[in-house]
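Contents: one structure, followed by commentary.
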Amino acid sequence: MSIKEFAKNAREAYFTLPNGDKIPSIGLGTWRSGKDETKNAVCAALKAGYRHIDTAHIYGNEKEIGEGIRESGVPRTDIWVTSKLWCNAHRAGLVPLALEKTLQDLNLEYIDAYLIHWPFALLSGPEELPRNEKGELIYEDVPIEETWQAMEELLETGKVRYIGISNFNNEYLDRVLKIAKVKPTIHQMELHPYLPQTEYLEKHKKLQIHVSAYSPLANQNDAYNSDISKLIEHKTLVDIANARGEGITPANIAISWAVKRGTSVLPKSVNESRIVSNFLYIPLTDKEMEAINNIGVVRRFSHGKFAPKPMFVGLQDGTPKQTHA
């Protein structure tokens with residue numbers, strides 16, 4: 001198959017949600033995308049064929065994302081937009097206000113998915129990272145059940161189509177499922193060949209909760225300050241990419257691996273050429289998938305180190321090291 005055909009695959013690759021609706025398989029991640037870069041990145045992605053844009057209030061670039069959407073000329077109804085509730089708005093009365101702020105910044109009437117970004121609460125109020133006189137973060141005891149029930153009420157407003165979660169461990173996931181009238185449609189988490197989380201992924205498949213993978217290129221983002229070689233330089237991915245022919249990159253292989261596993265995937269870039277080159281779906285063979293699955297490196301890069309307690313104990317590589325907000 002040619003690059004052109006792989007790009008066509010990417011445009012046509014969707015996952016079906018339990019109600020029959022579809023979520024695009026490859027989206028654009030925007031964490032740490034600067035305000036001056038975001039609009040052009042979003043516009044370039046949509047013009048290249050992406051139909052899935054991921055953002056969050058804490059990223060501070062929702063206004064620019066909205067501008068990029070409008071500048072692209074792609075109809076709003078053709079685009080899946082995900083955003084996330086930040087930790088300082090977990091109180092029930094603040095959840096709808098936080099959504100309104102996101103909609104105002106995006107200049108959209110609705111978003112497709114709204115996720116709880118992290119399962120713990122910071123002090124309610126205008127400060128995104130409230131600190132005491134010692135410089136320590138100030139947390140607030142807001143039960144996740146309260147926040148989830150407030151999220152459920154958003155569905156009645158027509159301003160959000162689906163609700164979900166991000167960075168939840170088994171404990172928080174099970175607490176939500178125990179009281180949910182509407183269970184999460186999506187769980188966004190760190191997933192890549194260095195952190196496949198196969199057992200946790202299978203649990204979500206059984207629950208019919210779609211998993212969306214952030215940081216699919218693992219330690220490509222310099223914010224992770226990784227002490228191991230970059231995933232996209234790993235010999236296994238390089239060899240598969242080379243065997244696939246000119247124009248295929250190790251990043252394409254990592255992204256296609258994620259899609260083949262049944263997860264939507266959110267590679268981040270502000271470089272137009274990389275945005276375009278990332279948007280390929282290569283149906284990997286069972287042999288190629290097995291080779292990637294057997295890489296043997298296990299490393300989590302997003303530990304939520306700013307959380308009040310370790311977030312991923314009991315999950316693959318749950319020892320805190322780095323922070324991802």
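Placed from the backbone N, Cα and C atoms, the Cβ positions cover glycine too.
Taken from Swiss-Prot as is:
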ACT_SITE  TYR59  active site, proton donor
BINDING   HIS117  substrate binding site
SITE      LYS84  site 'Lowers pKa of active site Tyr'
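Known features from Swiss-Prot, placed on the structure.
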| residue | record | DSSP (3 states) |
| --- | --- | --- |
| TYR59 | active site, proton donor | helix |
| LYS84 | site 'Lowers pKa of active site Tyr' | strand |
| HIS117 | substrate binding site | coil |
Alpha-carbon distance [HIS117 (substrate binding site); LYS84 (site 'Lowers pKa of active site Tyr')] in Å: 5
Rounded inter-Cα distance in Å - HIS117 (substrate binding site), TYR59 (active site, proton donor): 11
C-beta crowding around the residue listed as 'substrate binding site', within 10 angstroms: 23
